[in-house]
Amino acid sequence: VSLHLCLHAQQKPPPICYPLATIYHLHSPPLPPVRAPFSPASSSKSGEGFVAASQAIMAETVTNVSEYQAIAKQKLPKMAYDYYASGAEDEWTLKENREAFSRILFRPRILIDVSTIDMTTSVLGMKISMPIMISPTAFQKMAHPEGEYATARAASAAGTVMTLSSWATSSVEEVASTGPGIRFFQLYVYKDRKVVEQLVRRAEKAGFKAIALTVDTPRLGRREADIKNRFVLPPGLTLKNFEGLNLGTMDQANDSGLASYVAGQIDRTLSWKDVKWLQSITTMPILVKGVITAEDARLAVHSGAAGIIVSNHGARQLDYVPATISALEEVVTAAQGRIPVYLDGGVRRGTDVFKALALGASGVFIGRPVVFALAAEGEAGVRNVLRMMREEFELTMALGGCTKLSDITRNHIFTEGDRLGRPLPRM
Ligand code: FNR
């Protein structure tokens, strides 16, 4: 233990000052694929050796996805880091998204041949290598010059899904140009429905395979760090998908520039009938992202959604909603197996993935670990996040006595609810 602590203390990477032009990489064209373990393209011209050396240290010492957060904090300007890290108001839900996982314990089965483990699954009929996918997170070029390109390549290399945010700093066409890969497009519905129609068509044409319709953001949650920092996009970056539509920039405001942008552009009247409207303008299946109650799960099924993502937006919208892992089971029960239910929020370990699947999720998505790893070491970091999550999940399956995803059952875990009086599952 002392050796471990000592390594951490000594190998803390030194703070790195990126020149602005490197971080915000003005008008960067698509960059060539980057090979692990780290990206030469992420090095600044003036400090290549320094950056590369510190990345080498990082690559060796990062042993779980959460460790990228501290590295990102050192490397990023405060405004960018705070935007990625923060949650809404008291950040109760932000903590709870993690803590609720820690209250779920395992009931592992033993003496099962676990010499081969199959983690493959499918999402909306498409085969993926593991039930771990990438949530949409906005403004990825604020973390690293390659931003969404790096994430797209890393997801594709890992054989899993990347979801591109409406508010990406790379367009749907640019992300498609990185090569093959299963990609979903996350949609914010603007007041101007022509803008939405155009964007959905562009995503479809660019080969995106599904829409993740975000339904928890009629207004932006109160993220106090962004208010204090008067958050706006750094110079040179735009909401690339909206660039040609005069909606690509956000103005400096007295509080969060993003909150003002949302107040001006996002359609607060959005309702279930709009899911039908969306179906009328696209053939892409629609995942409703942001359901956390049984009532809404039933409405999602009736609306014709292809699936549900149980999400509280990484605890950035309404504070004091339950952790997504706590809300999952009621949503799964209400969906009655009619459509698949996915989860995001606080997934940081392979054990979290197993717990979500045991509670009925068909897969999970991860958000912040991707942006923090991007900030730390670009594409290599995202690849590493996906690799670590995969390996931890595989190990959890082996130690839990499961060789394929369908072996994972409710009986493999017990929750706080179970301990507080629900009878143990029948064996
Ligand atoms: C998000 N999230 C998000 N969701 C969405 O639908 N559209 C978006 O543009 C964004 N942008 C975004 C930026 C950042 C920095 C964060 C942290 C989150 C929410 C995201 O898709 C997902 O629901 C959460 O990030 C999942 O929680 P974890 O994994 O970050 O704990």
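The backbone N, Cα and C atoms fix where each Cβ goes, glycine too.
Annotated features in TrEMBL:
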| type | residues | note |
| --- | --- | --- |
| ACT_SITE | HIS313 | active site, proton acceptor |
| BINDING | TYR83, TYR188, ARG223, HIS313, ARG316 | glyoxylate binding site |
| BINDING | 136-138, SER165, GLN186, THR214, LYS289, SER311, 344-348, 367-368 | FMN binding site |
| DOMAIN | 57-418 | domain 'FMN hydroxy acid dehydrogenase' |
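Between the CA atoms of GLN186 (FMN binding site) and HIS313 (active site, proton acceptor) there is a gap of 12 Å.
The Cα atom of ARG368 (FMN binding site) lies nearest to that of TYR83, taking the binding-site residues TYR83, TYR188, ARG223 as the candidates.
Sequence-distant neighbours of LYS289 (FMN binding site): residues of the same chain at least 6 apart with a C-beta under 8 Å from its C-beta are GLN186, ALA212, LEU213, THR214, VAL215, ASP216, ILE309, SER311. On the 0 to 100 pLDDT scale, the model's mean across the domain 'FMN hydroxy acid dehydrogenase' (57-418) is 96.
Contact annotation for binding-site residues (ALA138, TYR188, ARG348) versus ligand 1: ALA138, each with CB under 6 Å from a ligand atom. Across the residues the record lists as binding glyoxylate (TYR83, TYR188, ARG223, HIS313, ARG316), the two Cα atoms farthest apart are 18 Å from each other. Distances between the Cα of ASP344 (FMN binding site) and those of the recorded positions TYR83, TYR188, ARG223, HIS313, ARG316 are shortest for HIS313. PRO136 (FMN binding site) sits 10 Å from HIS313 (active site, proton acceptor), taking the C-alpha atoms as the reference points. Cα to Cα, GLY346 (FMN binding site) and the residue listed as 'active site, proton acceptor' are separated by 10 Å. For the binding-site residues shown (ARG223, ARG316), fewest C-beta neighbours within 10 angstroms: ARG316. In this structure the C-alpha atoms belonging to ALA138 (FMN binding site) and TYR83 (glyoxylate binding site) are separated by 10 Å. Geometry remark: ARG348 (FMN binding site) versus ARG223 (glyoxylate binding site), CA distance 22 Å.
In the shown protein chains, 27 other C-beta atoms lie within 10 A of the C-beta of GLY346 (FMN binding site). Counting only same-chain residues at least 6 apart in sequence, those with a Cβ under 8 Å from the Cβ of TYR83 (glyoxylate binding site) are PHE139, MET142, ARG223, ALA225, ASP226, ASN229, PHE231, LEU258.
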